[in-house]
Amino acid sequence: MHGESPIKRRESRKIWVGNVPVGGDAPIAVQSMTNTDTNDVAATVAQIQRLVDAGVDIVRVSVPDMDAAEAFGKIKQLVSVPLVADIHFDYKIALRVAELGVDCLRINPGNIGREDRVRAVVDAARDRGIPIRIGVNAGSLEKDLQKKYGEPTPAALVESALRHVEHLDRLDFQDFKVSVKASDVFMAVEAYRLLAKQIVQPLHLGITEAGGLRSGTVKSAVGLGMLLAEGIGDTIRISLAADPVEEVKVGYDILKSLHLRSRGINFIACPSCSRQNFDVVKTMNELEGRLEDLLVPLDVAVIGCVVNGPGEAKEAHVGLTGGTPNLIYIDGKPAQKLTNDNLVDELEKLIRQKAAEKVEADAALIVRG
């Protein structure tokens with residue numbers, strides 16, 4: 001039953017992506033990106049709905065051409081979550097999705113083209129209250145910066161970002177957020193640290209092209225964990241070569257581990273050993289699958305023996321300690337004994353009961369407040 005995070009977040013300007021606040025005192029928003037063909041409206045909408053069910057706050061959609069822009073407009077009408085249009089090279093695509101109701105434009109002013117084209121995009125965004133994300137990536141730095149630095153470096157990423165920030169400053173546009181992504185953890189972390197000291201706009205965190213489900217999760221957790229623990233970051237996207245729904249799950253798990261955001265069950269479970277009095281791994285796998293729909297923030301401890309079990313269980317909303325018989329704790333106090341027969345069924349029932357009680361108690365607090 002952990003309290004608030006001890007992390008002091010960096011002060012930043014608040015912007016709005018649709019109805020989702022980003023920056024300032026807003027919760028850190030979790031983003032993902034579709035990997036369907038945007039022209040396949042049905043498939044893209046279906047994937048977005050799966051992301052919404054997983055708890056995503058903002059979804060980015062690639063819009064590579066005008067056909068995709070028209071498809072984007074149809075998609076926008078069929079979903080409720082804020083959508084970011086990912087646009088490169090052709091400024092007319094940005095103008096079109098602005099007309100169609102996009103919630104945020106992800107652009108790199110450096111590849112949009114001449115000053116008048118950037119101004120046209122910014123004017124369209126300003127007129128419709130649409131924020132912009134300046135997205136700098138180590139894999140697509142400007143040629144002059146590649147020549148100056150020889151290779152991507154944190155300083156090169158920040159110089160590119162500040163160049164684009166100054167560009168928007170000249171156009172008197174402040175409704176934007178910035179990212180400086182790299183696939184190398186140290187490069188990305190240092191770039192974000194440097195940039196955080198120089199601008200007040202919200203920062204979109206990510207380790208780009210992090211890898212597959214396992215390797216990408218580890219790299220993202222290490223890199224984003226370092227930054228978030230320092231108070232840097234206002235929205236995150238976990239880039240995985242995997243089902244985008246996994247990006248949302250990993251994002252929430254990272255935030256939960258730092259007590260920055262709570263959604264669903266926070267499991268505390270031992271890796272198990274020969275002391276276990278029930279099959280911890282099997283129990284955990286079953287519980288995670290069964291309770292995936294539960295959104296109420298709860299700490300649940302599943303410990304196989306009495307070495308650490310009682311101590312962990314006493315700190316959880318619901319705790320299971322292996323023994324003969326096993327002992328259930330509710331809100332830190334011994335509540336009942338369970339045998340291994342129907343253990344998962346009984347534990348699931350108790351967790352759902354505790355979740356319902358918590359919802360009722362929270363609602364009562366709101367009414368009294």
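Note: Cβ is positioned from N, Cα and C throughout, glycine not excepted.
Copied over from Swiss-Prot:
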BINDING   C270, C273, C305, E312  [4Fe-4S] cluster binding site
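Annotated features, which come from Swiss-Prot, shown on the structure.
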residue : record                        : Cβ within 10 Å
C270    : [4Fe-4S] cluster binding site : 20
C273    : [4Fe-4S] cluster binding site : 10
C305    : [4Fe-4S] cluster binding site : 19
E312    : [4Fe-4S] cluster binding site : 20
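In the three-state DSSP scheme, E312 ([4Fe-4S] cluster binding site) falls into the helix class. Surrounding the centroid of the Cβ atoms of C270, C273, C305, E312, where the record places [4Fe-4S] cluster, the chain contributes additional residues within 8 Å, namely P271, S272, R275, Q276, V280, I303, G304, V307, N308, G309, G322.
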